[in-house]
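Take this structure, written in structure tokens, and hold onto it; I'll ask about it next.
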Amino acid sequence: MTSRRRTDHLERTASVHRQMELFSARVCDIISESDTVKRLRLEVAHPDFSFRAGQWVDFFIPGVDTVGGFSICSSPGLLKREGAIELAVKYARHPPAHWIHTECSVDSQVAVRVGGNFYFDPQPSNPVVDLLLVAGGVGINPLYSILLHAADLHRHTHSHRYTPGHTHLCYSAKNTTELLFKDTIIDICHERPDKFSCHFHVTQQSSDIEPQLQPYTIRGRISAEELQRYVDPERTLCYLCGPPPMIEKVSSDLQSTGLPEDRILFEKWW
């Protein structure tokens, strides 16, 4: 989710479930994820703060009237281990994103409130599912959180008692420089090639694709044929996040493979 447009985030998500409590947070690191995206690490010290993989935060900035809405791109495991969450925010003139890119610094104080009905939070008694994650542009953020959570579940099966099946990520961007988190995504696929796979799609790549990305990268949009290969109507649970036209096209393609509509979950970014 993004606060990219002028449409008010709180108004747009008024009917969506969110927590009641606001939590103070401190910016403890800022990383340039790409030429246009900054990744913030926020320390949230309160022991009651929690979120599910895929959810977003209302983002309150002192002195800025507009409230932002940004998907959490880190896993619940990072919060448990280090007391931190991460947000990856693309540059925009919308006040919260503009503040992050032009004024935010380490030790800046903000406040966050968790919300969203789009998440992956399996319980030990749930049936095993294969995950199909389909992202367009910065729609990768909540899906990256879900991917990291799935990887954590595979690493720590002894403590959670739920292990997902196979996870495949389809991630489309204009070019390879705009593919966020690509190195970590590839590392996860290398770590457990039996459980994780990915395809990067580039739609406006003008240069040669870097050698290390070539095995994973396809020129052109995500196709119905690729989706078909990763769909089992009885096991697959699909999460989509991206611009509305992509969501509509991919949802239609998935339903044509026989995947039930209630197994296709999506969040549109504006």
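Quick reminder: no glycine exception, Cβ is built from N, Cα and C everywhere.
So Swiss-Prot says this about it:
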- G137, V138, G139, I140, N141, P142: NAD(+) binding site (BINDING)
- 20-123: domain 'FAD-binding FR-type' (DOMAIN)
Indicate the candidate from G137, G139 with the smallest number of other Cβ atoms within 10 Å of its Cβ, considering only these binding-site residues.
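Selected from the binding-site residues G137, G139 on minimum Cβ neighbours within 10 Å: G137.
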Which residue counts does DSSP yield for the domain 'FAD-binding FR-type' (20-123) in the helix, strand and coil classes, in that order?
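With helix first, then strand, then coil, the domain 'FAD-binding FR-type' (20-123) has 15 helix, 43 strand, 46 coil.
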How many other Cβ atoms are found within 10 Å of the Cβ atom of I140 (NAD(+) binding site), counting all protein chains shown?
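Step by step: centre on the Cβ of I140 (NAD(+) binding site), count other Cβ atoms within 10 Å, giving 29.
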